[in-house]
Structures are given as structure tokens and as C-alpha cells.
Amino acid sequence: MLFPTEFDVIVVGGGHAGTEAALASARMGNTTLLLTHNIETLGQMSCNPSIGGIGKGHLVKEVDALGGAMAAATDEGGIQFRILNSSKGPAVRATRAQADRLLYKQAIRHRLENQPNLWLFQQAVDDLMVEGDRVVGAVTQVGIRFRARAVVLTAGTFLDGKIHVGLNNYTGGRAGDPAAVSLSARLKELKLPQGRLKTGTPPRIDGRTIDFSQLEEQPGDLDPVPVFSFLGRVEQHPRQVPCWVTHTNERTHDIIRGGLDRSPMYTGVIEGVGPRYCPSIEDKIHRFASKESHQIFLEPEGLTTNEFYPNGISTSLPFDVQLELVRSMRGLEHAHILRPGYAIEYDYFDPRGLKASLETKVINGLFFAGQINGTTGYEEAAAQGLLAGINAGLFVQGKEAWCPRRDQAYLGVLVDDLVTRGVSEPYRMFTSRAEYRLSLREDNADMRLTEIGRELGVVDDIRWDAFSRKRDAVSRETERLRTTWVNPKTLPADEATPLLGKPIDHEYSLADLLRRPGVSYDGVCGLRAGACAAPEALAEDDVLLAQIKEQIEIGIKYQGYIDRQAGEIERNEAHESTRLPEGVDYAEVRGLSFEARQKLTQFRPETIGQASRISGITPAAISLLMVHLKRGLGRRPTKPAEPGADNKPVTQ
């Protein structure tokens with residue numbers, strides 16, 4: 001049957017990508033339908049019970065700056081918060097939180113059920129409705145046909161998913177959920193470039209059988225307790241609890257080696273490539289054979305359960321080997337496993353078949369987000385979902401897509417890496433992937449993106465008001481520090497020396513003093529018995545005040561480096577903003593090598609900047625392209641070749 005209501009946007013899948021996509025589209029005023037195989041699993045944390053980390057926390061802050069739900073839900077469900085790399089520079093500091101699975105899921109569902117313009121419907125999707133080169137809807141497993149002007153597909157690990165425990169395997173999207181076999185087959189018929197990846201999860205342990213007296217306690221940050229959202233408050237956090245640390249040992253490693261003959265990874269049963277930066281314990285003892293021990297973190301799954309997640313022993317070994325290896329570690333000698341660990345193999349689609357908007361190049365109005373694009377991690381999925389939801393909304397409104405640049409957001413780095421370089425293994429975000437990371441910090445994600453989000457329609461009045469107050473306070477106070485001066489007469493040696501280490505010998509602005517190593521904003525404001533402080537409070541609450549102080553201090557201390565990076569960004573702007581028309585015939589570009597012509601024709605980059613990041617495209621090739629552009633590009637008389645004509649990703 002045809003469902004009586006036609007929607008602007010349909011989102012398929014209710015994981016971290018799907019929920020952010022649906023919320024973003026609906027916030028923009030588009031009638032949006034979220035189709036999920038099970039409403040009870042909306043926002044479910046399928047693997048580790050944590051959000052954030054190095055690079056990942058930056059993405060969460062960016063999602064939050066654009067009005068997304070992940071950071072706010074983490075503040076409501078987070079049971080331990082830490083700032084990683086707190087002793088290092090601001091570019092690599094990152095927030096990480098342990099989350100109560102149930103509280104997090106409840107927070108996400110509450111937002112979905114109370115979002116205007118958003119409808120939920122429980123049915124698995126088996127097919128897409130495609131007319132010509134455009135998607136027009138989706139078909140569920142019982143034949144209900146939903147029509148829409150755009151579709152966002154966020155299928156996670158469900159596409160033809162296969163779960164492995166030892167040499168036993170069965171179809172599934174994750175433990176307890178069916179795989180999307182029909183939908184995967186349908187996508188392959190559409191000639192989208194496809195491949196196979198693998199990920200895994202560890203066994204879960206009953207906390208009542210753990211001897212915590214044998215373990216090292218790892219508490220969260222308590223003074224102050226961090227918050228994730230720019231609008232977050234410590235009072236939103238539930239009760240805070242510690243994690244615990246144990247280690248593998250030689251006996252553990254011997255047990256694992258003894259079970260490799262029954263490992264699906266080492267017997268050729270699993271063909272998909274696993275994540276390099278979240279390897280299974282089998283991979284660890286093989287790749288790091290000389291290492292005698294690996295650190296294992298026991299992470300609580302929630303406040304109302306005894307279940308613990310042993311971070312670091314993801315495995316697909318047979319259950320008897322899993323039980324033996326768990327019990328070989330200190331504190332786990334009598335551990336009871338509640339759920340076995342497993343590996344899951346699933347289809348993904350080569351992201352080089354996508355535009356920078358995450359719309360597929362071969363089917364108009366069809367957007368992909370999350371693990372379907374070859375990424376791994378909740379945060380990477382949420383960021384892609386947000387962008388796909390925004391661009392699906394812009395698509396149905398007849399507006400130009402928003403494609404964040406590499407110098408603008410980690411989201412821009414993530415998408416640019418995917419659509420220009422593709423993936424040969426599950427992609428994970430790190431700060432090292434961003435060449436402009438000093439400008440892309442967690443603390444300034446709102447300064448970079450909230451104004452853009454307001455223009456796009458995804459930032460509400462409450463967030464906009466809070467941001468405006470923060471932005472104005474930072475601007476005013478920074479200017480005051482730069483224009484307020486002290487000299488040896490107004491700042492005597494006995495006042496200057498305790499803060500600065502020596503007296504001042506001539507006139508300085510307060511900003512000059514703050515720029516010195518070891519000098520804090522509060523320290524400068526405390527000079528002259530507090531006479532150097534701002535004449536009025538910068539903010540009414542402590543969290544916003546801390547954010548303002550951090551912005552001011554970083555902006556002044558790192559101004560020289562930030563200005564230098566801004567100059568580099570400006571020099572590269574010409575390449576990033578120079579678009580390549582869709583009909584470019586690269587065979588007509590004089591001097592291009594055969595390899596360059598082949599790759600440019602296959603991947604169809606949208607800008608000169610994207611072209612420069614394709615493997616095998618040299619600076620000389622870019623120069624030839626620029627010359628060709630100035631002459632006036634020849635165009636192909638026919639439609640560009642489908643990037644996935646052979647239905648397989650091309651290895652770079």
C-alpha cells in the first residue's frame with residue numbers, strides 16, 4: 001500500500017547517524033519520517049558505553065554547535081566525564097564520557113518524540129523507490145510504500161550483516177537484531193560501489209563476579225566535572241562512578257594464540273577488513289607480539305545494571321576461549337560472561353561515490369551517512385548524519401548544499417577524507433588528520449559553526465541567545481585586555497613578581513601579560529588587588545563563565561600561531577573554492593599523466609582542493625588543471641561515468 005502522507009525527507013535507520021539526520025531535517029522545517037526496524041533501539045549504543053575521545057570529542061562538540069543531540073544526551077546520561085590530554089595544548093584536548101546506556105537512549109528518544117515535524121514508524125526497509133536517476137521513497141518489509149523527495153540511508157552494520165563467534169556465524173545486524181539483506185541486495189542492483197568491512201565487540205561481564213580489590217580505580221574529573229554540550233550543566237549529570245583497570249598477561253596471550261585455529265579472522269572465514277585503531281585482542285597479540293601486557297578498562301554499562309564492558313578485548317574467538325582469556329586476568333578469575341563477544345561483517349559503499357554533501361553521485365536525493373560510508377564510531381556517524389540531514393533538507397528546499405571545509409570543522413575533514421580518498425579499513429577520526437587543528441579546537445566549535453547553523457535553520461532561539469551572549473562577552477573582554485595598560489608605576493614590583501616572576505620594566509597591555517607562559521586570565525584580573533578585573537560579570541553561571549575565560553585565554557596566548565594558520569588557510573582558499581564543472585573531459589587537459597586522467601575521471605572531484613588530495617594527483621597535475629580552467633574547460637557531451645560501474649571500490 002502507499003502511505004497516505006508524503007514526506008519531505010525519509011531517514012532509514014535509528015542509530016547515531018539516523019537520529020541526528022532526522023532531528024536536523026525536522027529542525028529545518030521539513031516533514032521528516034524516521035523509519036527504524038525497532039523503536040525500542042533508537043539511539044542504542046551497540047558497542048562501547050562511551051562518547052568522545054581524541055578527535056571524536058571534537059566532532060561531538062561540532063554536532064552540538066549545530067544544534068545536534070549527542071552532547072546534550074551525554075550530559076543527561078553520562079556517569080563519568082574526563083578531559084583527555086588536559087596537560088597538552090588546547091588543539092588536542094578532548095572530552096570523553098562514560099554513559100549509562102539506558103539514560104542515553106532515553107534522552108535521545110525523548111528528543112525524537114518531542115521534535116516538531118518529525119514522525120517515527122517501526123518497520124524495516126527492504127527497498128528504495130527510484131524513478132530514473134532520482135530516489136522518491138522507501139518500501140518496508142510488509143510492502144508499505146512511503147514517498148519522499150529525499151532519503152537518508154543510515155543502515156550501520158545491518159547491510160547483509162553476518163555475526164561471527166568462533167567458526168559459527170549467522171546473519172544479523174547486531175546481536176539480537178536482523179540484518180538488512182534485501183536492502184543490501186537492492187543497493188547493489190543500483191550499481192553503487194560496494195565493499196565489505198568488519199568490526200567487533202568484547203564479551204560483557206557481570207560486575208558481581210569481579211574482584212574490584214585487585215583492580216586499579218580510574219575516577220573521572222571531579223574539580224570541575226566537565227560538561228559536553230555548550231548548553232550543558234553539571235546538575236544534569238546523574239551519579240558519577242569510576243572505571244577500573246586490569247591487564248592481560250602472558251597466560252592470556254597463550255590462551256588467545258591457542259585459539260587462533262578456531263578464529264574466523266585467522267581461518268579466512270571473515271573477509272572484511274577490521275578497524276586499525278580499535279583492533280581485536282587477536283590482532284593485538286599478533287601485531288604486537290613482543291608486548292607482554294595490554295591495558296584493559298572495565299567500564300560500567302549503567303547505574304542500574306551490573307554489566308561491565310571490558311574495553312580492549314574485542315574478540316570473535318569461540319566462547320570457551322573467551323571465558324578462559326577473561327578469567328586469566330587479575331580481578332576476573334571468577335568472572336561470569338553475560339554476553340559473548342563477536343565480530344560482525346557488513347556491506348559498506350565506497351564514499352568516493354558521494355558528493356561532499358553526502359548525496360550519491362548516481363542517484364539524486366539519496367544521501368548516505370554513518371558506517372555505510374566506511375567509518376567506525378558513534379561520533380563519526382552522528383556528525384555525518386547531521387550533515388546528511390541538513391543537506392537532504394536543503395535539497396528538498398531547492399537550496400545549495402552546505403559542505404564544510406577542512407579549515408572550518410573536523411566534520412569537513414571527515415567528509416573530505418571520505419569522498420576524496422575513500423577507505424580501505426573502517427575510518428576513525430583523530431586530531432592528526434586535521435592540518436588546521438589549532439583552529440579546530442573543542443572550545444571554539446560554537447564560534448566556528450553556530451552562526452552557520454542559525455542560517456541553515458538547525459539552531460534554535462535558546463542556543464542562539466546563549467551563543468550570542470558568549471560571543472559578545474569574549475569580544476568585549478578581549479578588547480578590554482588589549483586596551484588596558486599597566487606600567488612600573490601602576491603595577492609595582494611586589495605585585496608583578498608573584499604572577500610574572502619579575503617586575504615589569506615598561507608599559508604592557510593586560511593582553512601582553514596574559515600571553516606570557518604560566519599566566520592565567522584569573523591571575524591577570526587579580527592584579528592591583530582586582531582593579532584589573534572586568535567591571536561587570538562576564539556571565540551569570542559558572543559553566544558559561546568558564547567557557548568565556550577559556551576562549552579569551554586561548555585566543556590571546558595562541559594569537560600568533562592562529563594568525564599564521566589563518567594566513568595558510570587564506571593561501572589555500574583559491575584551490576578549495578575553485579569548482580570543477582561536472583562535465584570536465586580530463587582527456588582534453590594537456591600534459592596530464594594517464595594515471596591522473598584515470599583517477600580524475602573515475603572520482604570526479606568537485607573542487608581543485610579535492611582533486612589535490614586524491615592519491616596519485618601531483619602538484620604538477622593541479623597546475624595543469626588550473627591552466628586548463630583559465631583557458632575555459634572542455635565539457636563531456638555525455639553524463640559523467642558512474643563511479644561504481646564495476647561495483648567494487650578501487651584500491652589506492
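Cβ atoms are placed via backbone N, Cα and C, with glycine included.
Under the heading FAD binding site, Swiss-Prot lists GLY13, GLY14, GLY15, HIS16, ALA17, GLY18. Other Cβ atoms within 10 Å of the Cβ of GLY13 (FAD binding site), summed over all protein chains shown, number 31.
Residues or ranges marked as NAD(+) binding site by Swiss-Prot on the basis of sequence analysis: 274-288. Every protein chain considered, the tally of other Cβ atoms within 10 Å of the Cβ of GLY274 (NAD(+) binding site) stands at 22.
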For the FAD site built from GLY13, GLY14, GLY15, HIS16, ALA17, GLY18, further residues of that chain with CB within 8 A of the site's CB center: VAL11, THR19, GLU20, ALA21, THR36, GLY43, THR154, GLY156, GLY370, ALA381, GLY385
Largest tally of Cβ atoms lying within 10 Å of a Cβ, found at which of the binding-site residues HIS16, ARG276, LYS284, HIS286: HIS16
Shortest C-alpha distance to ALA17 (FAD binding site) - which of the binding-site residues CYS278, LYS284, PHE288: CYS278
GLY274 (NAD(+) binding site) and GLY13 (FAD binding site), distance between Cα atoms, whole Å: 22
Between HIS16 (FAD binding site) and HIS286 (NAD(+) binding site): CA-CA distance (Å): 32
Inter-residue C-alpha distance, GLY15 (FAD binding site) and GLU282 (NAD(+) binding site) (nearest angstrom): 28
